[in-house]
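Reading through the structure tokens given below for one structure.
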Amino acid sequence: MSSFKEFKIKWGMVIDLDKCTGCGACMVACQAENNIAPQPDASNKLKSLNWLVVYELNNGKPFPEHDVAYLPRPCMQCGKPSCVSVCPVVATDKNEEGGIVSQVYPRCIGCRYCMASCPYHARYFNWFDPTWPEGMDKTLTPDVSVRPRGVVEKCTFCHHRFMQAKDKARVEGRDPSALRDGDYVTSCTEACPNGAIIFGDFNNPEHRVHELHKSKYAFRLLERLGTDPQVYYLSRREWVRRLGDNYLEHEKVKG
């Protein structure tokens, strides 16, 4: 896999799975913020579309040892994204400001190579033009484009909020390249009632995620693939960390 340069700013998430209750508030907030049209039947995998999905995990043991965890899965904004490597028209790329993997919809030709290459299944193809119930079209976020039929879309870490935070910093006479912790947060971070999703700059010591992602209980999904995800998870439960990278029984798990 080709290498990618390091960025001064590295936006990322730390998601505490021991705090997540699987309520789905993050999913709803993501849909509302990013103009994702609601579907009457969410089980219809052809028509339903979610940039953020919450998965239920369990340890496979019977009661009373049975245990459950919930895992929110946004785009991992990989440091070495396989989706970028395979796109024939450069419709997806690593953003220079923060390392977010961008998606340029007018360039996308709908080949879906990026979907096939993503090990996290975090990309979605628009088979249909989006439609909204009467009145809901007036509540769309003006800074987020509505994606047409025939293109691939995904989580962007609410990049429009990043642009807004930089504009606000300029107005206040601050350096837009040195945002404070909390100046720029994603909609899912804002909506989580338990504070399970923490967002910030991994490279900034003043941001909470700077220390959290170094915890001995931190892990990343399928880390051994070498994609360098910018989303970390926390859990004190070993079985949860073991599932994160498909560890075998004899392999030692971090933490």
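Using the three backbone atoms N, Cα and C, a Cβ is placed for every residue, glycine included.
What Swiss-Prot says about this protein:
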DOMAIN    11-41  domain '4Fe-4S ferredoxin-type 1'
BINDING   CYS20, CYS23, CYS26, CYS30  [4Fe-4S] cluster 1 binding site
DOMAIN    66-97  domain '4Fe-4S ferredoxin-type 2'
BINDING   CYS75, CYS78, CYS83, CYS87  [4Fe-4S] cluster 2 binding site
DOMAIN    99-128  domain '4Fe-4S ferredoxin-type 3'
BINDING   CYS108, CYS111, CYS114, CYS118  [4Fe-4S] cluster 3 binding site
BINDING   CYS155, CYS158, CYS188, CYS192  [3Fe-4S] cluster binding site
Cα proximity to CYS155 ([3Fe-4S] cluster binding site), best match among binding-site residues CYS26, CYS30, CYS75, CYS114:
CYS75
Sequence-ordered, the binding-site residues among CYS23, CYS26, CYS111, CYS114, CYS192 whose CA is within 10 A of the CA of CYS87 ([4Fe-4S] cluster 2 binding site) come to CYS111, CYS114
How many of the residues that make up the domain '4Fe-4S ferredoxin-type 3' (99-128) does DSSP mark as helix, as strand and as coil?
8 helix, 6 strand, 16 coil
Between CYS83 ([4Fe-4S] cluster 2 binding site) and CYS192 ([3Fe-4S] cluster binding site), how many Å separate their Cα atoms?
28
Measure from the CA atom of CYS26 ([4Fe-4S] cluster 1 binding site) to the CA atom of CYS111 ([4Fe-4S] cluster 3 binding site) and give the result in Å, rounded to a whole number.
29
Nearest of the binding-site residues (CYS23, CYS26, CYS78) to CYS192 ([3Fe-4S] cluster binding site), judged by Cα-Cα distance:
CYS26
Looking at the binding-site residues CYS75, CYS78, CYS108, CYS188, whose Cα is closest in space to that of CYS30 ([4Fe-4S] cluster 1 binding site)?
CYS188
Distance check against CYS188 ([3Fe-4S] cluster binding site) for the binding-site residues CYS23, CYS26, CYS75, CYS108, keeping those with Cα within 10 Å:
CYS26
Whose Cβ, among the binding-site residues CYS26, CYS75, CYS87, CYS192, has more other Cβ atoms within 10 Å than any of the rest?
CYS26
Over the domain '4Fe-4S ferredoxin-type 1' (11-41), what is the model's mean pLDDT?
94
CYS30 ([4Fe-4S] cluster 1 binding site) has its Cβ surrounded, within 10 angstroms, by a count of other Cβ atoms equal to 22
